[in-house]
Amino acid sequence: MQQRARSSWRLILTFMALEMLLWREVRAQIRYSLSEEQKEGSVVGNLAKDLGLDTRTLKERGFRIVSTSGDSLFTVNDGILSVNGKLDREEVCERSSSCVISLKIALENPLEIHYVSIEILDVNDHAPTFSEKEKRLEIWESALPGARYQLQAARDPDGGMNSVQQYKLSHNDNFRIEVKDRGEDRKMPFLILQKPLDRETSSRHKLVLTALDGGRPPKSGTMDIVVDVLDVNDNMPVFTQELYSVTLQENVPVGTTVIQVNATDMDDGPNGEIFYSFGKDIEDSLKQLFDLNSSTGEMTVIGPIDFEEMNNFEIDIQASDKGPVPLTSDKSITIKIVDVNDNVPEIEVTSFSSVVPEDSKIGTTVALISVSDLDSGVNGKVLCYITEEIPFRLTASSQDNIYALVTASSLDRETVPHYDITLVAKDAGQPPLSSVKTITVQVLDVNDNSPEFSLSPYAFYVMENNIPGKSLFSVSASDHDLDENAIVHYNIWRDTGDENKYVSFININSENGEIYALKSFDFETVKMFQFHVVATDSGTPSLSSNVTVNVFILDQNDNVPVILYPVSANGSAEGVEEIPRNVNAGHLVTKVRAYDADIGYNGWLLFSLQEVSDHILFSLDRYTGQIRTLRSFTETDEAQHKLLILVKDNGNVSLSATATVIVKVVEPKEAFAASDVKNTVKDEEENNLTFYLIITLGSVSVLFVISIIVLIVMQCSKSTDSKYLQDTNYDGTLCHSIQYRSGDKRYMLVGPRMSIGSTIVPGSNGNTLVIPDRRRTDSGESTLKVRP
């Protein structure tokens, strides 16, 4: 037997050699189709007849199978090709979509070679099966419709339409089934929640999942699904990205990070802690290539990645929380494997200027860049470019792979003081490789910014009687430039035609903007004045700006009340009043009149009796100064009474004056003749004074109403003009008041404890007095003129 076998192999080798030396044209290419599951001896076809051979000479010519991909499955007897044993397509071709077995038939004397292809047709001889008979799911009752739950896919060894084609779910109101096609006859079922669950109504749902193949009739397999509805942990993890896709080079080192997924869970504690895992349907071969960190979601390489073996992967991952019944979200990661281009381009900066003035012209050269690649051909052709949107560009030179970095637009150091320019060199290989180099260009400052005041206009409030030489307030300006270009000096604009004499009493520290007064201010003389401050930087040429400063003088209680009546002939505050003895209670004896040059509470006068001979006989109105009788006179009352009246203002430290009134009580007959003329004159004076007082009060009221209307109009028009209003009429006893308006704020000073702010900042710069150009020097500097 061994000798025959050796002889047979020698003949085969001889035939193969002869075939190569003496090649003859193949007479025919025969193709047969055969269903699987054929019994042993089943005839495939009559080769002798199909090849047109004489069956009588077959044995003499050595008609036999000399080469086959499945020679043990077939045999040839008397020109008939038949099945040798049971033919199972799933064993022969596994899950291939097409199953073809090739045979080589040889004849000797003369030598002929014929090729026979036998296609094994699939028969639906397997039913779909699930790896587990029962699937238990725990779903929170707060799960939202649309929640997806991956199920175990059914397996069917058959191919094509005889594999698993669809899934059906038993009738229910809460769930439906959704199938995701993965290709290669793989269909992944997902259980989709379409109606919210209610644990109190039904705590368990029993479903039946049926997998059907495409045979006729179809075969099926089932799996029981038990869904337990839970009452806690109602938020499932949510991935931060809708799609995860990454490109990975082949032959990357073990431990390389592929991608890091991230999911969030709105729950607290363990219900919000997330761990990651591969999907339940992932193949074991993928688990040998990739590892997923359950805590961080980082996927790393743990095995060799070969582009020629597999150029892309689709991997299912799950994010689950650590609640008592974990909730799970699934996501697919697409990994594309790219081939390797061996050499990375190199970038070399041959000439570089790291500092560029911000007023450089467009097209100024900053650096010369050369790029190179050790590869040849297409892989050695390199393109260099800048990725960022910056005011620089790369221009190619006449020499290959040489570029010039030039300015593409205007520079502004105050906006961007420096640029980190990223240069990218990319070759033309497939896939291309690139390298990156970053160079830093500093922008040199030039004096292109004028000083800017922190406020415009300024409004300051200064108390009168200030100390000369003491700082009152300060202004401040800043310059966005650097070094000398940012050093600011201050001065007060003094125009020769300026009629504001108070500007000459103001001085400023040129270094820090502190403003001093060379004299004390008197509120009773001046209420408000205005001047302008110019800030100039130290650049060449220098730049400047101006601002308007409004100064409001505040009143102090520095004026003593002045007695207007009574006044004696020698000028002292003393008077004599005669009244009949028969006057009734409430009779007006006289009225003490006084005034105070201050305003507000400082000018609000109060009257009080300091000395009186009989306290139960006379009364004094503390607001009007009127002296009246409290009762009728009796025979026992004295004929002469002395009243000492104190008049004081309402300042924090009040000032006062005194007046003396001597009241003589006379008999009616004696007083009648003497007092007729006097009373007539006095009554006339009283009437005139009353008339003037009414006129004054009316004028004050009208002015007050007008002031309120003006303030309302200014408020509505959003004007920021500051106004200082003072009552113009004063009768000696009424309180003065001052109303201030600054921007959107209004102030009325009416009392001794009024709040005095050192600075009140208006809401806009509408009060700034513009200092226009009056003339220009040859150097382009502006000479300013204050326009009052």
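For all residues, glycine too, the Cβ spot is worked out from N, Cα and C.
The structure displayed is predicted, hence computed values, not measured ones.
Listed features, source TrEMBL:
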type	residues	note
DOMAIN	28-130	domain 'Cadherin'
DOMAIN	131-239	domain 'Cadherin'
DOMAIN	240-347	domain 'Cadherin'
DOMAIN	348-453	domain 'Cadherin'
DOMAIN	454-563	domain 'Cadherin'
DOMAIN	578-677	domain 'Cadherin'
REGION	767-788	region 'Disordered'
SIGNAL	1-28	signal peptide
TRANSMEM	689-714	transmembrane segment
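With helix defined as DSSP H, G or I and strand as E or B, the domain 'Cadherin' (28-130) counts 16 helix, 43 strand, 44 coil. As a summary of secondary structure, the domain 'Cadherin' (454-563) carries 9 helix, 47 strand, 54 coil according to DSSP.
Broken down by DSSP into helix, strand and coil, the domain 'Cadherin' (131-239) contains 3 helix, 57 strand, 49 coil.
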